[in-house]
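Okay, so here's the structure we're looking at.
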């Protein structure tokens, strides 16, 4: 039996749309205003640095022959579909987990757009301490990490705490 979308976790997909819009817009701005590998210091531990990543997190598999572009695109699509099915099976009142899934979906689709349109993921957030730089990342990566952290957090909640977090009152 079909249930109304508004009563399912899919009601929270608007958050994924917001993530995709913010991610793509921020990357477009960086690509329009920066040359590749150009870096602009903003504060003592943070630069905007335009970089491209042909792999996954921490440039995993970036040095391969190009097959990884399609491999990671397939993973992004697969994860997004699985999470949307999970959202459909949940209720709209399960806010925490559905927001977590929406953040992950939005991040995955933002990076998927880059892979399909640009052939690589465009990164620009560059945090560092002295001469050590954390791998450059983007807003999609931030959304994925926050979403994953929320999934883990939700897993530690007791059933009573889950009801309190998801209570509409």
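Each residue's number is its place along the chain shown, starting with 1.
Each residue, glycine too, has its Cβ placed from N, Cα and C.
Here Swiss-Prot flags 4-24 (among others) as transmembrane segment. Tertiary neighbourhood of the transmembrane segment (4-24): same-chain residues 84, 86-92, 94-95, 97-99, 101-103, 105-107, 109-111, 113, 138-140, 143, selected by CB-CB distance under 8 Å and a gap of 6+ residues from either end.
Within the same chain, residues 122-129, 136 sit at least 6 positions outside the transmembrane segment (29-49) and bring their C-beta atoms closer than 8 Å to a C-beta of that stretch. Marked as transmembrane segment by Swiss-Prot on the basis of sequence analysis: 29-49 (among others).
Swiss-Prot lists 70-90 (among others) with the feature transmembrane segment.
Residues 9, 12-20, 23-24, 27, 52-54, 69, 72-73, 76-77, 79-80, 83-84, 86-87, 138-144, 146-148, 150-151 of the same chain, all 6+ positions outside the transmembrane segment (101-121), place their C-beta atoms under 8 angstroms from a C-beta of that stretch. Look at Swiss-Prot and you will find 101-121 (among others) tagged as transmembrane segment, backed by sequence analysis.
Annotation for residue 123 (active site): same-chain Cβ neighbours under 8 Å, separated by at least 6 residues, are 49, 50, 51, 52, 53, 135, 136, 137, 138, 141. Among the features that Swiss-Prot reports, active site is placed at 123 (among others).
Tertiary neighbourhood of the transmembrane segment (137-157): same-chain residues 19, 22-23, 26-27, 57, 96-97, 99-104, 106-111, 114, 121-125, 165, selected by CB-CB distance under 8 Å and a gap of 6+ residues from either end. Per Swiss-Prot, the feature transmembrane segment maps to 137-157 (among others).
Annotation source Swiss-Prot lists active site at 141 (among others). Over all protein chains present, the Cβ of residue 141 (active site) has 20 other Cβ atoms lying within 10 Å. In the three-state DSSP assignment, the secondary structure recorded for residue 141 (active site) is helix.
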